[in-house]
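Visitor: Sharing the feature lines straight out of Swiss-Prot:
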- 18-166: domain 'Thioredoxin' (DOMAIN)
- Cys60-Cys94: disulfide bond (DISULFID)
- Cys60: active site, cysteine sulfenic acid (-SOH) intermediate (ACT_SITE)
Amino acid sequence: MANVTLGGNPIEVGGALPSVGAKAPAFTLVGKDLKDVSLADFAGKRKVLNIVPSLDTPVCATSTRKFNEAVSKLENTVVFSISADLPFAAGRFCTTEGLDNVVPLSTFRDAGFKQAYGVDIKTGPLAGLTARAVVVLDANDNVLHAQLVPEIKEEPNYDAALAALK
């Protein structure tokens with residue numbers, strides 16, 4: 001079990017973040033139209049998994065916008081914005097913001113994702129949500145970069161995540 005902080009207060013996070021060089025765990029989450037979306041649906045594409053507690057928070061919204069802008073300049077790359085938000089809310093956010101390179105996905109039907117990716121918040125006021133993390137995958141779903149952000153209120157290391165795609 002990993003530990004992160006929320007405003008400096010310790011929070012326990014269950015599961016283990018996938019290791020660089022490992023094959024990413026398969027998953028099936030819920031898209032904005034309530035249909036299942038799997039990692040395999042994007043076979044052959046590079047992926048940035050922007051895992052956030054909720055798109056209704058400023059830092060989560062900012063990271064989603066920044067990754068959308070960054071991958072607009074890259075070929076064969078998609079951003080998954082993964083949270084426990086309901087698919088309707090996540091879809092509305094991406095549509096309203098014009099985030100064409102982001103696929104919003106919800107964990108609300110599958111808590112297994114949180115454990116498989118080491119982002120299952122177990123304690124504190126955000127228990128049940130996903131911790132902030134970024135996992136970058138190549139076109140064959142090998143992990144190129146993985147960061148569990150140590151302070152939930154802080155943004156991820158964009159430069160390190162995007163450098164993994166170069």
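The backbone N, Cα and C atoms fix where each Cβ goes, and this holds for glycine too.
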Visitor: Take the Cβ of Cys94 (disulfide bond) and count every other Cβ within 10 Å, whichever protein chain it belongs to.
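Guide: A 10 Å sphere around the Cβ of Cys94 (disulfide bond) contains 22 other Cβ atoms.
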Visitor: What number of additional C-beta atoms lies within 10 angstroms of the C-beta atom of Cys60 (disulfide bond)?
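Guide: Its Cβ shell of radius 10 Å holds 23 other Cβ atoms.
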Visitor: Give the mean pLDDT for the domain 'Thioredoxin' (18-166) on the 0 to 100 scale.
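Guide: For the domain 'Thioredoxin' (18-166), the model's average pLDDT rounds to 91.
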